[in-house]
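Since the structure comes first, as structure tokens, the remarks are kept for the end.
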Amino acid sequence: MDDQRDLISNHEQLPILGNRPREPERCSRGALYTGVSVLVALLLAGQATTAYFLYQQQGRLDKLTITSQNLQLESLRMKLPKSAKPVSQMRMATPLLMRPMSMDNMLLGPVKNVTKYGNMTQDHVMHLLTRSGPLEYPQLKGTFPENLKHLKNSMDGVNWKIFESWMKQWLLFEMSKNSLEEKKPTEAPPKVLTKCQEEVSHIPAVYPGAFRPKCDENGNYLPLQCHGSTGYCWCVFPNGTEVPHTKSRGRHNCSEPLDMEDLSSGLGVTRQELGQVTL
């Protein structure tokens, strides 16, 4: 009986003894899972932090790149020659032409000379050519030999040779026109009236309500024209065309030089039209 009890008690104690070694194994697995989870969380947090800092640094690098490009463009703009005005500046100044000139502005200062440049076809061509290459068309105000010498000094060798060849051809052409026959005396041609003189000749000296232009001693239009009946005065081009935005009852001064950045180009067209012709 004692032996059976010992066997039964031993048999009942064996499962309990067999279960005890499994508890440390479960604890070690739980700790391993916890450690792996914490490590993964730390790695993800590190990756997120790194991405955030890289995003901030990328924004700063973009700003530095834009600033560097702006500085380079500004440096190039400062190195460009300032003889020719950019077309963009002329277009930005164009809206000033659309604003009517008030009487206060007319009385504050004299109107600058917009009659220095005509509005004929040759004036348009000259203005456009000087804009594209102002150094190729110098100011020639001396005598004919002085102007030729100045041209030779200002032009390069190739262009001067071309110009010299053209002068030779022109000289031969002029020499070939000379005739050995005696020239018959020709009658003096009748005096041709200028446009201003012809217009004045059709209007009596005293004619109320009619506009009678004023001419100088050479028959050209005076820069300042006035209508006595209305009291308005305005500036005109050499061909008598009215300069835009100069008609008022204020004081005028049409003899001062015109600044190219002022109201108009001096050619009877707006700066916007000149920009369109250039493009």
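Cβ atoms here come from the backbone N, Cα and C positions, even for glycine.
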* Can you tell which of S9, S83, S154, S255 Swiss-Prot marks as phosphoserine? -> S9
* Structure fact -> Answer for the disulfide partner of C235 (Swiss-Prot, candidates C226, C233, C254) is C254
* To do: In Swiss-Prot, C215 sits in a disulfide bond; tell me which of C27, C196 is on the other end.
  => C196
* To do: Ten-angstrom check, please: count other Cβ atoms within 10 Å of the Cβ of C254 (disulfide bond), all chains counted.
  => 22
* Asked: Given the disulfide-bonded residues C196, C215, C226, C233, C235, which one has the fewest other C-beta atoms within 10 angstroms of its C-beta?
  -> C226
* May I ask you to report the DSSP-based helix, strand or coil state of C254 (disulfide bond)? => coil
* Asked: Nearest to C235 (disulfide bond) in three-dimensional space, by Cα, is which of the disulfide-bonded residues C196, C215, C226?
  -> C226
